[in-house]
Amino acid sequence: MTDDEIFDKWHEECGVFGIFGHPNAAQLTYYALVALQHRGQESAGIATVDGLKLYHQKGMGLVAEAIPNEAMPRLSKGHASVGHVRYSTTGVSQLLNAQPLVFNFQRGNMALAHNGNLVNAHQLHSFLERRGAIFQSTSDTEVVAHLIARAGNPDMADNIREALSIVKGAYAFCILTDDKLYAMRDANGLRPMVLGKIGDAYCVSSESCAFDTIGAEIIRDIEPGEMLIISKDGIESTRFASASKRALCTFEYIYFARPDSDIDGFNVHAVRKDFGKLLYREHPVEADVVIGVPDSSISSAIGYAEESGIPYEIGLIKNRYIGRTFIQPSQELRARGVKLKLNAVRRIVEGKRVVMIDDSIVRGTTSGRIVDMLREAGAVEVHVRIASPPVTHSCFYGIDTSARDELIASKKSVEQIREYIGADTLAYLSEGTMMQAFGIMDGKDHGHCNACFNGKYPTEVYEDLSKSIMDR
Ligand code: SF4
C-alpha cells in the first residue's frame with residue numbers, strides 16, 4: 001500500500017531527467033532522481049553513454065534500492081545520461097516496465113525515458129504487432145521506440161519527429177543516443193519539462209526541484225511541441241509539432257509537483273498558497289484554527305489562514321517511516337492504515353472549531369476517516385475546505401485516476417459528499433476562482449487542462465481504453 005493509496009489520492013506517472021556533456025552525468029542523474037522521487041516509487045533507472053557504449057541500471061523500488069552503489073562505477077563512464085522514476089502500482093509492478101527502456105538498433109544505441117500517457121498507444125501497439133513487432137514490455141514508451149526504429153530517415157531527429165507525429169497524448173520524453181540527448185514536450189504541454197544548465201552541460205527535468213538539488217540553474221520551460229537536441233555542439237531548439245492549445249495539467253500545481261518546483265513560470269508553493277487565499281474569499285467560515293492534510297495541502301492551509309486571520313496550526317502529523325512494503329489489504333485494516341500514517345494533534349484541535357484544508361477528494365473514504373479522527377481528538381466542529389474543484393472525470397494523460405464511477409463527485413452533490421465524510425460544512429474552490437491564482441480573471445482560455453473537473457479534454461480520448469492493455 002502506498003502513500004497515495006492510504007490517502008486516497010491519484011498517482012503521478014513518472015519523472016524524467018537527462019543531462020549531456022558532464023563528467024559526473026550518472027551521479028548528477030542519481031541525485032536528480034532522488035529529488036523527483038515523489039513522482040514515482042515503483043522503479044528507477046539510469047542509462048549513460050560514453051560515445052561508444054551504453055551502460056544502464058534499472059531496478060524495483062526507490063532510487064537508492066534500484067541503483068546500488070556497485071552500479072555507479074560502470075554508469076559513471078558516460079558523459080551523458082537519462083534517468084527515470086516510475087510510479088507505484090499493483091499488478092504491473094515489473095522490472096520489464098522500468099525505464100529507461102534501452103534498445104540497440106541499426107543506427108546505434110537508444111535509451112528512452114517517458115512521463116505521461118499516449119492515448120492511442122493501444123491502437124499503435126496492435127498496428128505494430130500485426131506488422132511483426134515484438135514487444136518486451138507493456139509500456140507505451142516501447143511503442144514510440146518501435147516507431148522510431150521503423151522510420152527510415154538518416155537523421156535521428158527526423159525519425160523522432162515521424163514517430164511523435166503519430167502518437168497522441170501527454171508526454172515529456174528524453175531520448176539518449178550515442179551522441180545526442182533529445183528532449184520533447186507534447187504539443188499541448190500537458191506534462192511539465194524544464195531546461196537547465198550546470199557548468200557547460202545542459203540538463204532537462206520533469207521538475208525544477210531536481211536542478212536545485214544538483215546545483216543547476218533553470219533556463220526556461222520547454223515549449224509545447226518543442227524538441228531540444230543537445231550534443232557536443234551545444235543546444236538546438238526545433239519543433240516536432242506546432243503548439244496546440246496549451247493545456248498544462250492543473251493537478252501538477254494542486255497535488256503532484258513538489259512545492260519548491262517552478263512550472264511554466266509559477267512556483268508550486270506560491271500557487272497553492274494563493275488557492276488557499278482564494279478558497280477563504282470564496283468560502284469563508286468562522287473557526288478557531290486552520291489545519292492542512294500533509295503534505296500537499298499545507299501551502300493552501302497557510303494561505304487560508306493568512307487570508308482569514310484564523311491561526312494556522314499543525315493539527316495532523318504524518319508518519320514518514322512507513323515503507324513501500326506496508327501492505328494492508330482488508331477494508332478494516334485499511335482504516336488502520338490511515339491511522340498509522342496520520343494522527344491528529346489533540347492539544348491543537350480539542351474543543352476547537354477546525355477548518356481542515358485538503359487539496360482534493362477522490363473517493364472520499366480517507367476524508368471521512370480524517371474527519372472522524374479530528375472529532376475523536378476533540379474537535380467540536382470540522383469544516384472541510386478543498387483547494388480545487390470537485391473531481392468528476394477520469395484522466396487519460398498519465399495520471400492513474402480511479403474509474404469515473406469511483407470518483408465521489410461524479411455521482412454525489414457537494415451536500416451528499418459532506419454528509420458522507422461527516423463534516424459540518426464542505427466547500428470546494430470553483431474552477432474560475434482557482435484560475436485567478438494564475439492571473440486569469442475571465443475564466444476563459446487559460447492554457448491549463450482542467451478536464452478532470454469539467455470533462456473538456458484537450459485532445460481526442462479513447463474512453464474505452466482507459467484501462468487498456470498498456471497497463472498505464
Ligand atoms: S485530466 Fe486532470 S489530472 Fe489529467 S492532465 Fe488534465 S488536469 Fe491533469
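Each residue, glycine too, has its Cβ placed from N, Cα and C.
Source: prediction; values computed, not measured.
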Of Ser296, Ser299, Ser413, the one that TrEMBL places in the same Mg(2+) site as Asp358, Asp359 is Ser296
Near ligand 1 by the Cβ criterion (under 6 Å), the binding-site residues from Asp359, Cys395, Cys449 are Cys395, Cys449
Restricted to the domain 'Glutamine amidotransferase type-2' (14-233), the mean pLDDT of the model is 92
The binding-site residues listed are Ser296, Asp358, Asp359; by CA-CA distance, the one closest to Cys452 ([4Fe-4S] cluster binding site) is Asp359
Listed in sequence order, the residues of the same chain lying six or more positions from Cys14 (active site, nucleophile) whose CB sits under 8 Å from its CB are Arg39, Gly40, His84, Val85, Arg86, Tyr87, Gln99, Ala113, His114, Asn115, Gly116, Ser206, Gly398
Rounded Cα distance in angstrom between Asp359 (Mg(2+) binding site) and Cys395 ([4Fe-4S] cluster binding site) is 17
Cα-Cα, Ser296 (Mg(2+) binding site) versus Cys449 ([4Fe-4S] cluster binding site), nearest Å, comes out at 19
Cβ contacts within 10 Å for Cys249 ([4Fe-4S] cluster binding site), all chains included, total 28
